[in-house]
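A.B. asks: I'd like to ask you about the structure that follows.
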């Protein structure tokens, strides 16, 4: 694993500072009011244990009106800000900017697992300045994304060290990974999705399997014509331990929210209360909408509620073509990355995982959320997008260099 040098760190921190320096002079807006100004959990007079009994907005988790957003470690950092400057917003924005710089530096280290040094720096710089991060960095409540991402990436980097000589299992990094996943989840719920990324990394990157090879091995084993290789058994053991630990975290999380999902109104998410097929067509269309925000962040919005994106009520709606195109492109990239074992396919696979898996909790596909589109939830998925862009740049620059030599 390549190290990150001081020159690269200085460059990234400088770029982040130049982009977000003006945020230091912003106030509290939108959700900041509920999470900061109206949240009694920030006050020193409130018992510290209350942070672990209330949701992100200071409402007891047992109450029906609670949003069930359990992020006590993020609220703890708000409380530290309050101790330093009470309700003066500058310290809150400064800490957000610092956290974004830290995420960008750790992301550079992750990029070096799959890209060359120059392409890794390009991916990290693109991540540092991507306009879609404005809400997550400038909005104080976006700290949940920033803080969770630090431990999200740290958990993944820890897991990459769990493969020892002769394909043996190094259990210390696995245990550290589980701990960091738990911490990331206590900052924001999507932190738990790093487990899926670790599983994909283990099977297709660390072990070098491809989907055809896995299918062939499984087919032979089921027909009694072969046995499972020892290396594959070790992989299964490691993944079972990781998944069992994750399942335990999920069970605890379900108990914390009293086994109840939050209730949202038509104002928050109109498609969630719409009939079939409007609900399905609209939710699937939101996927290319979010992808387009990563590709062309020219029309960002602070509040995508109500009619900002009209519902799709018919199969004949022209916007369904965007949904179809999106899934075709995603499917083509997925087939390429799973079928072949080269470095390019591995890079594409990890980029797709970073884009897709952390976005699942906010996708509305499995359970409704309290928004139509929220740019802050694209903070982690944008990492996969930045890797894809840098990988494409690497391929184009390498091809141009070869042509010049000829």
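Cβ coordinates are placed from backbone N, Cα and C, and glycine is handled just like the others.
Taken from TrEMBL, the feature domain 'DUF1736' covers 259-330. Sequence annotations record features per position, and here TrEMBL assigns transmembrane segment to 94-115, 135-157, 169-186, 192-215, 236-256, 318-336, 348-371, 377-393.
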A.B. asks: Which residues of the chain, 6 or more past the ends of the transmembrane segment (94-115), have a CB below 8 A from one of its CBs?
C.D. replies: 1-4, 8-9, 12-13, 16-17, 20-21, 23-24, 77, 81, 121, 123-124, 127-128, 133, 136-138, 140, 142-143, 146-147, 149-150, 153-154, 156-157, 160, 343, 346-347, 350-351, 383, 386-387, 390-391, 394
A.B. asks: Kindly report the helix/strand/coil residue split of the domain 'DUF1736' (259-330) according to DSSP, in that order.
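C.D. replies: Taking the domain 'DUF1736' (259-330) as a whole: 36 helix, 0 strand, 36 coil.
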A.B. asks: Taking 3+ C-beta pairs under 8 angstroms (sequence gap of 6 or more) as contact, is the transmembrane segment (348-371) in contact with the transmembrane segment (169-186)?
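C.D. replies: As far as Cβ distances go (cut-off 8 Å, pairs 6 or more apart), the transmembrane segment (348-371) and the transmembrane segment (169-186) do not touch.
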A.B. asks: What mean pLDDT score does the domain 'DUF1736' (259-330) have in the model?
C.D. replies: 86
A.B. asks: For the transmembrane segment (192-215) and the transmembrane segment (135-157), check the count of CB pairs under 8 Å (sequence separation 6 or more) and say whether it reaches 3 or more.
C.D. replies: yes
A.B. asks: I need to check the long-range neighbours of the transmembrane segment (135-157): which residues 6 or more away from its ends have a CB within less than 8 Å of a CB in the stretch?
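C.D. replies: Sequence-remote neighbours of the transmembrane segment (135-157) are 1, 20, 23, 26, 28-32, 35-36, 56, 71, 73-74, 77-78, 89, 92-93, 95-97, 99-100, 102-103, 106-107, 109-110, 176-177, 180-181, 183-185, 187-188, 190-191, 193-194, 197-198, 201, 300, 302, 358, 374-377, 379-380.
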